[in-house]
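Q: Attaching a single structure in structure tokens format; questions to follow.
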Amino acid sequence: MAKEMKDVTTKSSQKEKHLLQKLHCSVKNYDWGLPGRVSEVARLARLNSGSQLDPEKPYAELWMGTHDSGPSFLASNNGGEMVTLKKWLSQNPDFLGEKVLQNWGCDLPFLFKVLSVAKALSIQAHPDKELARTLHKLLPDVYKDGNHKPEMTLAMTEFEALCGFITLKRLLSGKCTDIRTDYSNASLKNYAVWANSAELKALIHTVPEVARLIGAENADLVLQTSDQDGEGKVKAVLQAAFTHLMSANKERVTEAVNSLKFRLHDESKVRQLTDKEKLALQLEKQYPADVGVIAAFFLNYVKLAAGEALFLGANEPHAYLAGTCIECMATSDNVVRAGLTPKHRDVQTLCSMLTYKQGSPEILQGVPLNPYVNRYTPPFEEFEIDRCILPQGETVVFPAVQGPSIFLVTTGKGMMNIKGGSQKGHEVTEGDVLFAAANIEISIISASKLHLYRAGVNSKFFRAP
């Protein structure tokens, strides 16, 4: 009897030992990443796994999860063997929780990242599930899996992005002045009103290079379309114009981008350029003669403050521009690109898959769960993000949830404890990444000011019938 009790205690202790697992994570050195000396990804990667850094090499992304393109490994290896989190979960599926296991199998449904962006990523979109399966079947070397990739971006610093199409519908009153022939103060003021309007109709008047690349017929359709024509007609007009632009040959694109560059340099001598115009010049330096420089005018220019987030559904165009962010998404690496990139471009697929919805994206501020934690909940069941800023000497509790979590510590240190656990708590410090099993309550006590992020399955998924 005593032996049986001892065996039960030992098994329980072994299981408890695995409820929190420290991870070593993968890094991506894409050329748009910040150099090692200033990259948050580089700093966290060094702290996470002790890797040597090159101060001039770009460090773009830190991946935390089970995707085969950037797996995480258990920090506590057995006999020197590197075990991936994915393999370990396949051998210990109970740690995922019953409902997660039933819905997604022996895998995490989300992929967690940190991004350090020095220059623009591609103008891109992510396919829905049906298109992802088709693309993966047709081009498996390009589209690595058959899953969709909704995602959410949470700014750690000021973060800039292009996201979704500007509106098409309203035409400003009056006539836009041609400031190339009229430099009066009244003219400059009139032009500024038009140029700062985030609307496609105004764009036709203020950016002649756009009008040239979309063609006279499409430009006329844009100007003639109104609200009364209905949503379907508006989207069709936008799709025709954008597709014509993105499909323009290299010679025409080069001519248009150079024309834009020289025109804006000249006009900057007599007026203040708009933020979008300044961005176009910046993009031209990063990607000379690229159609994405012109395409950027079609998209909303978004600036997030630290702690603000935006979510991106399937088939929505976007491009990250600068800054450091937390990113979470469904477990996929499917990207359809068409501009601002040296990588494979699939213009036809991108232009055909987009929703062509217009308007500014929703900026999420997060919902306070307690004085220290804000939760960001997108309309996707695979994931949510918690952001925690814990002052020195304080305690915060993350209640038990029915699915797994990944914690990332970015600043400070503290102690992480499992409620009811008999084992000593886990000391955590910046750079630590931890997998937390389902159905455990975790408390954290800060030894210094502590910043951490948690990714987990969307809480609404567990409340669904």
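Yeah, the Cβs are placed from backbone N, Cα and C, and that goes for glycine too.
The following feature annotations were taken from TrEMBL:
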- 20-165: domain 'Phosphomannose isomerase type I catalytic' (DOMAIN)
- Gln124, His126, Glu151, His318: Zn(2+) binding site (BINDING)
- 213-299: domain 'Phosphomannose isomerase type I helical insertion' (DOMAIN)
- Arg337: active site (ACT_SITE)
- 376-414: domain 'Phosphomannose isomerase type I C-terminal' (DOMAIN)
Q: Take the Cβ of Glu151 (Zn(2+) binding site) and count every other Cβ within 10 Å, whichever protein chain it belongs to.
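A: The answer is 25.
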Q: Can you give me the Cα-Cα distance between Gln124 (Zn(2+) binding site) and Arg337 (active site) in Å, rounded to a whole number?
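A: About 4 Å separates the two Cα atoms.
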Q: Neighbour count, 10 Å Cβ-Cβ cut-off, for His318 (Zn(2+) binding site): what number do you get?
A: 23
Q: What does the structure give for the C-alpha distance between His318 (Zn(2+) binding site) and Arg337 (active site)? Integer Å is fine.
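A: Cα to Cα, His318 (Zn(2+) binding site) and Arg337 (active site) are separated by 10 Å.
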Q: Sort out the sequence-distant neighbours of His126 (Zn(2+) binding site) for me: same chain, 6+ apart, CB within less than 8 Å of its CB, listed by position.
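A: Counting only residues 6 or more apart in sequence, the Cβ neighbours of His126 (Zn(2+) binding site) under 8 Å are His148, Lys149, Pro150, Glu151, Leu312, Ala314, Asn315, Met329, Ser332, Asn334, Val335, Val336.
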Q: How does the domain 'Phosphomannose isomerase type I C-terminal' (376-414) divide up by DSSP, counting helix, then strand, then coil residues?
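A: The breakdown for the domain 'Phosphomannose isomerase type I C-terminal' (376-414) reads 0 helix, 21 strand, 18 coil.
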Q: What number of additional C-beta atoms lies within 10 angstroms of the C-beta atom of Arg337 (active site)?
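A: Arg337 (active site): 22 neighbouring Cβ atoms within 10 Å.
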Q: Show, in sequence order, which residues other than Gln124, His126, Glu151, His318 on the same chain lie with their Cβ within 8 Å of the centre of the Cβ atoms of the Zn(2+) site.
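A: Once Gln124, His126, Glu151, His318 are set aside, the remaining close residues are Ala125, Lys149, Leu312, Glu316, Pro317, Val335.
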Q: With every protein chain in view, what's the tally of Cβ atoms within 10 Å of the Cβ of Gln124 (Zn(2+) binding site), excluding that atom itself?
A: 23
Q: May I have the DSSP-based helix, strand and coil counts for the residues of the domain 'Phosphomannose isomerase type I helical insertion' (213-299)?
A: 68 helix, 1 strand, 18 coil
Q: If I take every residue in the domain 'Phosphomannose isomerase type I C-terminal' (376-414) and average their pLDDT values, what number comes out?
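A: When the pLDDT values over the domain 'Phosphomannose isomerase type I C-terminal' (376-414) are averaged, the result is 96.
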Q: For the domain 'Phosphomannose isomerase type I catalytic' (20-165), how many residues does DSSP put in helix, in strand and in coil?
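A: For that range the per-state counts are 38 helix, 45 strand, 63 coil.
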